[in-house]
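See below for the structure under consideration.
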Amino acid sequence: MSSKPEQKETHQANGAVPVDHLTSPDRGQLVEPSALLGPDGSGVEAVVLESRANAKGVREDDALLENGSQCNENDDTSTNQSPEPASPLKETSFSIGLQVLFPFLLAGFGTVAAGMVLDIVQHWDVFKNVTNLFILVPALLGLKGNLEMTLASRLSTAANIGQMDTPKEFWKMITGNMALLLVQATVVGFLASIAAVAFGWIPDGHFSLYHAVLLCASSVATAFVASLVLGMIMIGVIIGSRKMGINPDNVATPIAASLGDLVTLALLSGISCGLYKDLESKFYVNALVCALFLALLPIWVFIARKDSATWEVLCSSWEPVVIAMAISSVGGLILDRTVSDPNFAGMAVFTPVINGVGGNLVAVQASRISTYLHMSGMPAESSKAAPWKCPSPCSTFCSSDVNSRSARVLFFLVVPGHLVFLYTISSMQGGHTTLTLIFIVFYMTAALLQVLILLYIADWMVHWMWGRDLDPDNFSIPYLTALGDLIGTGLLALSFRILWLIGDRDSDVGD
């Protein structure tokens, strides 16, 4: 006969429960000991199959330790109790549209203002002589979208699942995420300037050290200051929306973009213009500005390292941000080649608008899907709510699912939103373009196609990343906003060229 320790190990390995386990004080007296004694007085095995009462009690304690807001998944199946969905999952199409509409319009007017600024500064000496700055425009505006919208999505999810309810959790989340944001902004801003130099040098074969240092200093300074300002605004928006009972996923990302494009473009124009004046006489100023912001990196890394969550993001989230920057830079190269042609100078004012609207809408959708998945479990868990296979267009736009409903609402906002923005641009006499019917048709076609593609990609990408054990809050939005810049700029440039080729002289394209 085996010894008692060996018996106990064998029992546990095979699911059998020894007698002393059944009569332990903390689990209660389940059976009489005498009923489990053999004829010779020795103990016999008692196999217990799915003891609901005990398993439920033990697993409830485990569930409360893991997440107090989650219901016990081992409750009696006859009652079919499921976790009560949070308020974002109960939203109607009207409530989604109502909450998204005002931030969407606010963000749109911000992109209109950014377009007007770009339409003005494209004639400045610094933009005429250092045309590579046009390559930086989509890259830095996309960087704003990548970082600030990712921050907004991450904090919105944390707020919705109760990770910012106590002051200690709140300040830990805020300081860690702000330090993370500044590290990413500085590094990616520096890489964006290198990409702008490379994209400008390869086609022309001309390289200027002065212009390279100017691009580096302007890009790093703009990325740092813009991220600092917009990150603080994001924190205030999420706190305010929670206090007002509004889903942060619906308002945080559009408001992040409402001033983002304008602030970023204004900073880039002002900083580059100021540094350009001292470029030849005080060359060291540009180098010192770049070195100063790079020297601050260890401080932000030290602060971010104190929070394990932000440190994990800092170590693992470079791939999407850097790749997104490269994608946006390709869009910037298209803008540079198009705007440099006098026939298409009017495109400058519309580029931030179409890119900003597409990026804002897809960021809202990605943030909502990510929050929905976080409420169903953890990444890579097997769940019907988190399929990772490529969805059909019908399931993305035509089903009764809450995410499909929000996709329809966001798609239907494209035409009325852009009509308002086009009218505003026309009223302010921006873009050197008269809004004829054929121009509006081509522009709307490009805008609708852009958003349609982005929403479908978001539905696939977020679920795919979730199935690959990647947090969509950190990985999906950089790719989506960068694709929005590339698709929007490409479709808009194509529309302008088609209009020019068919001879739409009434619209005065390129005047």
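Placed from the backbone N, Cα and C atoms, the Cβ positions cover glycine too.
Quick look at what TrEMBL lists:
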- 1-41: region 'Disordered' (REGION)
- 1-11: compositional bias 'Basic and acidic residues' (COMPBIAS)
- 56-90: region 'Disordered' (REGION)
- 67-90: compositional bias 'Polar residues' (COMPBIAS)
- 100-118: transmembrane segment (TRANSMEM)
- 130-147: transmembrane segment (TRANSMEM)
- 137-271: domain 'SLC41A/MgtE integral membrane' (DOMAIN)
- 178-202: transmembrane segment (TRANSMEM)
- 208-239: transmembrane segment (TRANSMEM)
- 251-271: transmembrane segment (TRANSMEM)
- 283-303: transmembrane segment (TRANSMEM)
- 315-335: transmembrane segment (TRANSMEM)
- 351-494: domain 'SLC41A/MgtE integral membrane' (DOMAIN)
- 409-425: transmembrane segment (TRANSMEM)
- 437-457: transmembrane segment (TRANSMEM)
- 477-500: transmembrane segment (TRANSMEM)
Helix-strand-coil residue split for the domain 'SLC41A/MgtE integral membrane' (351-494), DSSP-based: 110 helix, 0 strand, 34 coil
Selection from 100-118, 208-239, 283-303, 437-457, 477-500, the stretch that has most Cβ pairs under 8 A to the transmembrane segment (315-335): 477-500
Long-range neighbours of the transmembrane segment (477-500), counting only residues six or more past its ends (CB under 8 A): 138, 141-142, 145-146, 149-150, 153, 253, 320-321, 323-325, 327-328, 330-332, 334-335, 338, 343-344, 346-347, 350-351, 354-355, 358-359, 362-363, 366-367, 438-439, 442-443, 445-447, 449-450, 453-454, 457-458, 461, 507, 509-510
When counting Cβ pairs under 8 Å to the transmembrane segment (437-457), the leader among 100-118, 283-303, 409-425: 409-425
Tertiary contacts of the transmembrane segment (283-303) (same chain, 6+ residues out, Cβ under 8 Å): 175-176, 179-180, 182-183, 186-187, 190, 210, 213-214, 216-217, 220-221, 224, 275, 314
The domain 'SLC41A/MgtE integral membrane' (137-271), counted residue by residue under DSSP: helix, strand, coil: 120 helix, 0 strand, 15 coil
Surrounding residues of the transmembrane segment (409-425) on its own chain - C-beta under 8 Å, 6+ positions past either end: 93, 96-97, 100-101, 104-105, 108-109, 111-112, 115-116, 349-350, 353-354, 357, 361-362, 364-365, 397, 431, 435, 440, 443-444, 447-448, 451-452, 455
